[in-house]
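S.K.: Sharing a structure with you now.
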Amino acid sequence: MEEVSRLVFHRSEICLYYAVYFAYLLYGLWTLFSLRDELQHKAGYIRDPYNYELDIFNNYIQLNWHWYLAHAVITTVSRFVLTKENMGISFACVSLTSLLISLPWKMFLFVVILLIIFYLVSRIGSRVIVWCITALWVSVLNILAIYFINPADDNHSFYIFSVILFWMLLRCCSFAHYCVDSKFSKDKLLGEATVTDFLGYTLYFPTLVNGPFLDYKRYIILLQKPSLPGFSYDIKTLVYELVRIFFWWLALELGMRCLFVHYMSMEIKTAKLVKSPFGRHAIGYFLGQFFFLTYFVKYGLGIAFAQYDGMKPPNKPQCIGHVHYYSNMWKHFDQGLYEFLFDYIYHPLVKANCSKFVSTVLTFAFVFMWHGCQTDILVWTVMNFWCLIVEKMLKNCMRSLHYRKWVEINFGLSTAQRFKAIVFSQLFIVAAFSNIFFIGSPKMGVFLIMNAYGNGFLNYLILSFCCYCFFQCSELISMKLWNRNVKNRTKIKSN
């Protein structure tokens, strides 16, 4: 990033990059919006009916909004009644009550068994046992998800149940790893890893269903503070964040009534209504934007409450509109999940003298298992894996002394940046298509790949030029953010 911060482009060149970016957005919006009436007629709905993630979230909030309110009230009162060491009681109280009321007794018993097993495992003190139990539970949950989810379940009760278990599994694993880490003393474990802490963390209601994953080290920030957070400032921040999330939810719902991209991803023949091969790329772009906004709202809700309760949650998902390296998508879209994968799988394997390639393979194997053992997930995982491997190899080549002497010294830093944008934009095209298998459908993924690579050289040349401009815009935005962070850190040090 230090090299990027020294880039100097002519103002007209920068204007060209941003002009192409915004022109593409406007063109894509108009292309898809112009089909709105026809798609509404074909679908029989005034709103896109196939954004399942958003629909399940809306249904869940409609049925459980009062539990969020109860959580806010109970935890606020608990600040004045309980010590910080006992705040976990109030956190767990809300979730246990809601689960007792909403889940059948067999499902509730399943949750209790999961919690008991992992708490006992955390006391044994073996990482091998923790991962054996985790692998066993991942397998069990995949069997449940594949064979027992009922598509006719209008309330998505079993789907919600399986999601609760998958999120809870990560939290249990994080707690167990914290307990078995040899660098923590028994006194510290007794103070920061009690039954109360375990239940408060694993059963924290705002992240119970909709995420994000909150590492236990982020949770215990609450316990390490000298006192519980203040009320007046925090309630204002919570209200502000909730209003902000509500605004983006409204924008998302408006978009669902204007752009039927999820319907197109399920009914491929409707995607062919977009006559221009170049215009069809907008379907993939806006599928990604809807996915981002959906998780910005879902994760934002849990993050807002976690901040209010004195924790240090991960950042909200970064907009895909200025993610140009695909590795950044993994790092910044779901920061909590990335921390879990890096801290508990990849980094320990590398420390244990396992090669980085094998460590990455095992990490992505867990990604596949945790997201669900389905064909579209497998395609997405494998394509993501190879895109990241190729990206890492290209970065290493471009950082080599030989390359730097040959390109940067002979042609200049700006020319080197342009060449880098040409190379990495090609890789990002493939990586972006891989996401369509995950957020859209396998049929749409194949359709867009064939549309890009099988519709003539001119079509692909225009797509490549647009992606080149997108890459440069993202680099310029990253440069601006990096310089701002450097200034802030310098200011803090000087004070």
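The backbone N, Cα and C atoms fix where each Cβ goes, and this holds for glycine too.
So TrEMBL says this about it:
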TRANSMEM  15-33  transmembrane segment
TRANSMEM  103-122  transmembrane segment
TRANSMEM  128-149  transmembrane segment
TRANSMEM  158-178  transmembrane segment
TRANSMEM  198-216  transmembrane segment
TRANSMEM  237-263  transmembrane segment
TRANSMEM  283-306  transmembrane segment
TRANSMEM  377-394  transmembrane segment
TRANSMEM  421-440  transmembrane segment
TRANSMEM  460-482  transmembrane segment
S.K.: Can you tell me which of 128-149, 198-216, 237-263, 421-440, 460-482 gets the most C-beta pairs within less than 8 Å of the transmembrane segment (158-178)?
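M.R.: Most contacts with the transmembrane segment (158-178): 198-216.
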S.K.: Report, as numbers and ranges, every residue of the chain located at least six residues beyond the transmembrane segment (237-263) whose Cβ falls under 8 Å of a Cβ in that stretch; write 'none' if there are none.
M.R.: 29, 32-33, 35-36, 39-40, 43, 46-51, 54, 72, 270, 283, 286-287, 290, 293-294, 296-297, 300-301, 303-305, 307-308, 440
S.K.: Let me check one thing: do the transmembrane segment (283-306) and the transmembrane segment (421-440) come into contact, meaning three or more Cβ pairs under 8 Å with sequence separation of at least 6?
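M.R.: Stretch pair touches.
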S.K.: Using a cut-off of under 8 Å between C-beta atoms, tell me which stretch among 15-33, 103-122, 128-149, 377-394 contacts the transmembrane segment (421-440) the most.
M.R.: 377-394
